[in-house]
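Comments concern the structure below.
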Amino acid sequence: MLNNAMSVVILAAGKGTRMYSDLPKVLHTLAGKAMVQHVIDAANELGAAHVHLVYGHGGDLLKQALKDDNLNWVLQAEQLGTGHAMQQAAPFFADDEDILMLYGDVPLISVETLQRLRDAKPQGGIGLLTVKLDDPTGYGRITRENGKVTGIVEHKDATDEQRQIQEINTGILIANGADMKRWLAKLTNNNAQGEYYITDIIALAYQEGREIVAVHPQRLSEVEGVNNRLQLSRLERVYQSEQAEKLLLAGVMLRDPARFYLRGTLTHGRDVEIDTNVIIEGNVTLGHRVKIGTGCVIKNSVIGDDCEISPYTVVEDVNLAAACTIGPFARLRPGAELLEGAHVGNFVEMKKARLGKGSKAGHLTYLGDAEIGDNVNIGAGTITCNYDGANKFKTIIGDDVFVGSDTQLVAPVTVGKGATIAAGTTVTRNVGENALAISRVPQTQKEGWRRPVKKK
């Protein structure tokens, strides 16, 4: 159906006392992203013309963390209830737009459910998201008459009969801007809490003969709020289980779905295998037949076809061409690039360095600010000395170079194609093509020498 223009209000003013944290509750993360950012993203994906964020506690921290240009910051200086929060945002509502009300601590609400709610909203009425619970204690009850929604009664204000109702209010609703402003102006705080309840607009709408349509979410987790870290951890597990299920159904082999963590977006090819306790962060692309070993962390990287990343390897902001092998216990830092068939072994660290086709750095090596050609062998214990305490310098190694173990390359330095660096060499000057570079202290030998003995 054709929808009106729509703006979203996100309530995010609560202190989050039960989190026992200096951080505003809505900035605590789920899947590596602030809870409120999940809600903002849903609003934007839904096509919100404006997103009004009602804040109070920790406003400076919120503004530092949330940089969305579509946000309109609305201060709620006193926390006097949900209705009061909406009253602060009301001056920004256009009469001819719909207003959708969301919560910064309800992070798993889906765009699909919100779109169904938006589509179901009757002309001049209210769309309301509700669920039925076996134990509705503490929640506002949905009252009905002949099947039609007539109002919402908060638990503390409900009669014994009303407390038997299992259908409860999730707090998420949508209504026309002009209607919303009119109803908000009529709210009172004549209740047990002494607060202004947004839920009272349901009864006001019913009294005007307006229709209220209730919609149910696809999953209960979509409307579960977070008040403490235990609830947050449970929603994290729900979210991760859902992501793992999607990946399994799409053909990714997760060896243990309960021990897989997605904190971003994963794009993948066919026949990908991911072992236990792997963390995917940011935007990650895995090609066909990629294998990732246990305990790896992959962040904002592109991994080519047929690559294998062995256990406990950390990869961040990296590009790997096809058929590369990494690890175990390797660290590829931002700017590392491996061309086809390159190999980085255990305890090798790379940063802002390119390793050419078929080149190998097998173990115990640091490669920083380096450009390494094809078919190069980097021996164990090799270090590119790229930093003088103030500036970084580059090391360039041509194709077919052999670098012996325990070599230090003091940048800036260039090693020509086909050169050989003898083990234990400190390279301080450029090395020509096909040359042998060797710098060692002459070996001496003392016959019959005895080691010192400790005195007893």
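Every residue gets a Cβ built from N, Cα and C, even glycine.
Per Swiss-Prot, region 'Pyrophosphorylase' is recorded for 1-229. According to Swiss-Prot, the feature UDP-N-acetyl-alpha-D-glucosamine binding site maps to 11-14, Lys25, Gln76, 81-82, 103-105, Gly140, Glu154, Asn169, Asn227, Arg333, Lys351, Tyr366, Asn377. For Asp105, Asn227, the entry in Swiss-Prot reads Mg(2+) binding site, with the evidence type sequence analysis. Marked as region 'Linker' by Swiss-Prot: 230-250. If you look up Swiss-Prot, you'll see 251-456 marked as region 'N-acetyltransferase', on the strength of sequence analysis. For His363, the entry in Swiss-Prot reads active site, proton acceptor. Taken from Swiss-Prot, the feature acetyl-CoA binding site covers Ala380, Asn386, Tyr387, Ser405, Ala423, Arg440, and the record attributes it to sequence analysis.
Features recorded in Swiss-Prot, as mapped to the structure shown.
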residue: Gly81; record: UDP-N-acetyl-alpha-D-glucosamine binding site; DSSP (3 states): coil
residue: Gly104; record: UDP-N-acetyl-alpha-D-glucosamine binding site; DSSP (3 states): coil
residue: Glu154; record: UDP-N-acetyl-alpha-D-glucosamine binding site; DSSP (3 states): coil
residue: Asn227; record: Mg(2+) binding site; DSSP (3 states): coil
residue: Arg333; record: UDP-N-acetyl-alpha-D-glucosamine binding site; DSSP (3 states): coil
residue: Ala380; record: acetyl-CoA binding site; DSSP (3 states): coil
residue: Asn386; record: acetyl-CoA binding site; DSSP (3 states): coil
residue: Ser405; record: acetyl-CoA binding site; DSSP (3 states): coil
residue: Ala423; record: acetyl-CoA binding site; DSSP (3 states): coil
Sparsest-packed among the binding-site residues, when each Cβ's other Cβ atoms within 10 Å are tallied, from Leu11, Ala423: Ala423
Neighbour-count leader, CB within 10 A, binding-site residues: Asn227, Asn386, Ser405: Asn386
Rounded distance in angstrom between the Cα atoms of Arg440 (acetyl-CoA binding site) and Asn227 (Mg(2+) binding site): 65
His363 (active site, proton acceptor) as reference: those binding-site residues from Gly81, Gly104, Asn377, Asn386 with C-alpha within 10 Å of it: none
Using Cα positions only, nearest of the binding-site residues to Ser405 (acetyl-CoA binding site) (Leu11, Gly81, Gly104, Glu154, Asn377): Asn377
Longest CA-CA distance among Ala380, Asn386, Tyr387, Ser405, Ala423, Arg440, per record bound to acetyl-CoA, angstrom: 23
Rounded inter-Cα distance in Å - Ala423 (acetyl-CoA binding site), Leu11 (UDP-N-acetyl-alpha-D-glucosamine binding site): 64
Rounded Cα-Cα span from Tyr387 (acetyl-CoA binding site) to Glu154 (UDP-N-acetyl-alpha-D-glucosamine binding site), Å: 65
Densest Cβ neighbourhood among Gly14, Gly81, Gly104 (binding-site residues), 10 Å radius: Gly104
Using Cα positions only, nearest of the binding-site residues to Gly81 (UDP-N-acetyl-alpha-D-glucosamine binding site) (Asn227, Asn386, Tyr387): Asn227
